[in-house]
Amino acid sequence: MDFYSNLDSRSLDSETPTLFEIISAQELEKLLTPSIRYILVHYTQRYPRYLLKVANHFDELNLAIRGFIEFRQLSHWNSTFIDKFYGLKKVRNHQTISTERLQSQVPTLLEQRRRLSKTQIAVSLFEIVGVPYLRDKLDHLYDKLYPKLMMNNLDPKESLKTFVQYYFLKLYPILLSVLTTIQVLLQVLYLSGTFKSPSIIMWLFKMKYARLNSYDYTLDEQRVNKFLNKTSPGKLGTGNNRIRPITLTESLYLLYSDLTRPLKKGLLITGGTLFPASIFLLKFLEWWNSSDFATKMNKPRNPFSDSELPPPINLSKDLLADRKIKKLLKKSQSNDGTCPLCHKQITNPAVIETGYVFCYTCIFKHLTSSELDEETGGRCPITGRRLLGCRINKTTGEWTVDGIRRLMM
């Protein structure tokens, strides 16, 4: 699945992955459990009868299922599900062996010696599945007990239970800070090339990251062929010394192998395409939730924020011939600081879309006047242009006015 990675392996080191690849894989790893939980909760609300018990025991089920999947990946590829997507694997860290020289001379022997041991596989499985599970449980316990500590309801001298809870609340944040500091320090040393292990557990158990190569894919092809040919019909009746015909049991065995072989191929094809597609979906959801594009798409449209405004609609010739309109137009041409509506000095100035300034109370009363109909109302009293922020409720006949902006003088 490393072919689905967005990294060009030709421009990178053929042996040691970069820290940014490792961090990217770890960030994607953290998205798996919350994404599955979100999908499960969504469908639990629709079908609570069938999924409520599953949702209540999600942590344990996720631990078991993901543990099985990751164990298979670590046993076959020495890589986790996400690391394989990025073309990464874990190998033994032989500090006394020159891997570059052996890689060019005896690559197969080197790859065999670098395969993870059973202990290292178990430790890697615990790091991927067990550590996040314990972290979630401890965080939940800390959030549950912390209010008791703030209310002084935990007396360490009362009982052994309260003693453990009290010092857990005191030491747990310190322990997390120390582990985080060590983790960051190891990553900095890995970035500088001093250390080959970017995490505490990998450093303690002498493991490091490497890239998947032709040896891993050849080994996988051998496993696939063995899996498909496990019940191959060619194994029956091919001997030269065989005289008797095929028995009923052997006929059923051949029928079973003919039926299961397409199913096995379909299972392999589905696993090879469905899982990478789900990872691409997770990456898309991560981008969607973190980008401004999603915010703009979910934001309701504002009629005043459109870049292309509709052209203004002027009053008809009959309305423009009105003496009152002509008087307002003539009055607005004077720049004496008076309101065109009340003809007094402007108080509490407000501007409308056409740029003319009025008293706030005057322009608001004018635009909300019930005497104006849909044709004459909702317009600038000076230019006669229709205002976008004025809308009439045809049921009640009342005007809704937006777009009046007060001026700070």
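Glycine is no exception: its Cβ is also placed from the backbone N, Cα and C atoms.
What Swiss-Prot says about this protein:
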- Cys339, Cys342, Cys359, Cys362: Zn(2+) binding site (BINDING)
- 1-18: topological domain 'Peroxisomal matrix' (TOPO_DOM)
- 47-50: topological domain 'Cytoplasmic' (TOPO_DOM)
- 76-117: topological domain 'Peroxisomal matrix' (TOPO_DOM)
- 193-273: topological domain 'Peroxisomal matrix' (TOPO_DOM)
- 302-409: topological domain 'Cytoplasmic' (TOPO_DOM)
- 19-46: transmembrane segment (TRANSMEM)
- 51-75: transmembrane segment (TRANSMEM)
- 118-152: transmembrane segment (TRANSMEM)
- 156-192: transmembrane segment (TRANSMEM)
- 274-301: transmembrane segment (TRANSMEM)
- 339-384: zinc finger (ZN_FING)
Subject >> Same-chain residue ranges lying at least 6 outside the transmembrane segment (19-46) that approach it to Cβ under 8 Å >> reply: 7, 12, 52, 54-55, 58, 62, 66, 80, 82-83, 85-86, 88, 128, 132, 187, 190-191, 198, 209, 279, 282-283, 285-286
Original post:
For the binding-site residues listed here (Cys342, Cys359), which one has the lowest count of neighbouring CB atoms within 10 Å of its own CB?
Top reply: Cys342
Subject >> Under 8 Å by Cβ from Cys362 (Zn(2+) binding site), counting only residues of that chain that are 6 or more apart >> reply: Cys339, Leu341, Cys342
Subject >> Integer average pLDDT (0 to 100) for the topological domain 'Peroxisomal matrix' (193-273) >> reply: 76
Subject >> Chain residues in Cβ proximity to the topological domain 'Cytoplasmic' (47-50) (below 8 Å; excluding those fewer than six residues from its ends, i.e. six or more beyond) >> reply: none
